[in-house]
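Listed in TrEMBL for this protein:
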| type | residues | note |
| --- | --- | --- |
| TRANSMEM | 21-39 | transmembrane segment |
| DOMAIN | 26-476 | domain 'Major facilitator superfamily (MFS) profile' |
| TRANSMEM | 80-99 | transmembrane segment |
| TRANSMEM | 111-130 | transmembrane segment |
| TRANSMEM | 136-157 | transmembrane segment |
| TRANSMEM | 169-191 | transmembrane segment |
| TRANSMEM | 197-220 | transmembrane segment |
| TRANSMEM | 283-309 | transmembrane segment |
| TRANSMEM | 321-342 | transmembrane segment |
| TRANSMEM | 349-370 | transmembrane segment |
| TRANSMEM | 382-404 | transmembrane segment |
| TRANSMEM | 425-445 | transmembrane segment |
| TRANSMEM | 451-472 | transmembrane segment |
Amino acid sequence: MSRGLIAAESNVPNYREGITFSVMMTCLMAASCGLIFGYDSGVSGGVTQMESFLSEFFPEVLSEMKKEKHDVYCKYDNQWLTAFTSSLYIAGMLSSLLASHMTRMVGRQGIMLIGGALFLAGSIVNAAAVSIAMLIIGRMLLGFGLGFTSQAAPVYLSESAPARWRGAFTSAYNAFIVIGILFATVTNYYTDRIPVWGWRVSLGLAAIPSVVIVAGAFFVSDTPSSLVLRGYPHRARATLQHIRGPHADVDAEFKDIVLAADQAHKNDKGAFKRLFSKQYRQYLVIGVAIPVFYGFTGMVVIAMFSPLLFRTVGFSSQNAILGSVINSAINLVATLLSSFVMDRIGRKFLFIFGGLGMMICEVAISWIMADHLGKQEGIMPGNYATSVLVLIWMCTFSFGLSWAPLRYVVPSEIYTVEVRSAGQAMSISITFCISFLELQVFIALLCAMKYFVFLLFVIFLLAMTIFVVMFLPETKGVPLESMGSVWAQHWFWRRFTMNVKQESQTLLVK
């Protein structure tokens, strides 16, 4: 019988963990892995609309922009230009799967260290690039680094944080992503003024957050769960005592960690295969649905291409980047607010609230774009462009309050320990795969479909909001080792836990 089913038969334990200085510093370091993800997400969209960058690598795009008559929705439609942005994600997808297998050997701390080092190498290659091929190689090194850190950091936070405040601690990863985006957009705002080589400064400064991660990884221990799984129970207990406080009673929590690890060792092989078995059906569905739905909120492309979108609707280069800076600041405010309320009002409410908010905003954006096209005007008038800008800000606030942090929180906490690394790797690789495809085709879709592309996202937002209402259980405050009780009490998923329980009892009788 799985550990999740054992937990389902008992009340959820209360370990009475507190928030200590040690756990805050440990989680702060792990959460800082989000800096590299955020910086890269923020910097690439701004760099791809800089004239100094375009003249160096994509002169045909720059010449198209300067034509008196051109389709404003198609001026950035260049597959090599979008490949510069999207190639990172295909590398991230592959490396996140590799990181899952390596975690059992080097631990989550080691995975974060490797990821930071790879990202550092990629930032150096990109800053020194003299050809498109060199740009793509640098982007892929960055992607390998992101795949490693994205697989390890959220789970590290989830396993280290007190159960009562796990949502806030795990969402700190997303908060650092947004801080990285804000840092990148501010950097772009100033480097855009530097002729010829300003883009090199933007890409090269990615080395700063990667150095922070590489240095910080040396000063934290692996998580207690990971240490027990790798055969270091004494170090695991010492680490648990350290992060819970010298006077905390960790006996009950450590016992549950050891029991969960023992169960994982009994199922040591075939974690990915096991995810597709009936026993883990609920984990598979939620673990796949969240990254898939996240990819189709429309916010991935808005975040990456916000400077290009603002240029498309008529803003100058500097104003487009300034709009992205404000957009990143709004995202940060929403993320911090989400961290504060997540463990109080729960995950489901935020998912629903954010989904409805994004739907309303994206419908309004589509209406404005449709009205503009109907008038057969070239560049959007000021009032239209400003309305689109404000609606994107509102959409970003709804996103930052809900799907942005929760796409890391929920997948990192729902899995039992024997499939946790595999499940997290699956969720992250799906996110990267969809992001790659979406970023590669978005500019072409914007050119071909105009405002209809946002209506497409609205349909997905409606579907994902209904899915959350019907099928996502509430996980706030539940210890990781007792997460099975959540599924056993859910109106739909309990039938699977009950069936597995009956099958296990039948096998015992035989």
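Keep in mind that glycine also has a Cβ here, set from the backbone N, Cα and C atoms.
Sequence-distant residue pairs (6 or more apart) of the transmembrane segment (80-99) and the transmembrane segment (382-404) include fewer than 3 whose Cβ atoms are under 8 Å, leaving the two stretches without contact.
If you look at the transmembrane segment (425-445) against the transmembrane segment (111-130), you find fewer than three C-beta pairs under 8 angstroms, all six or more positions apart, and that falls short of contact. Of the candidate ranges 111-130, 197-220, 321-342, 197-220 has the most C-beta pairs within less than 8 angstroms of the transmembrane segment (21-39). Note: the stretches the transmembrane segment (321-342) and the transmembrane segment (382-404) are in contact (3+ CB pairs below 8 A, sequence gap of 6 or more). Between the transmembrane segment (169-191) and the transmembrane segment (197-220) there are at least 3 Cβ pairs closer than 8 Å, counting only pairs 6 or more residues apart in sequence, which means the two stretches are in contact.
Remote same-chain partners of the transmembrane segment (111-130), defined as residues 6 or more beyond its termini with a Cβ less than 8 Å from a stretch Cβ, comprise 30, 33, 36, 40, 95, 99, 102-103, 137-153, 156, 200-201, 203-207, 209-211, 213-214, 217-218. Predicted-model confidence for the domain 'Major facilitator superfamily (MFS) profile' (26-476) is 84, expressed as mean pLDDT.
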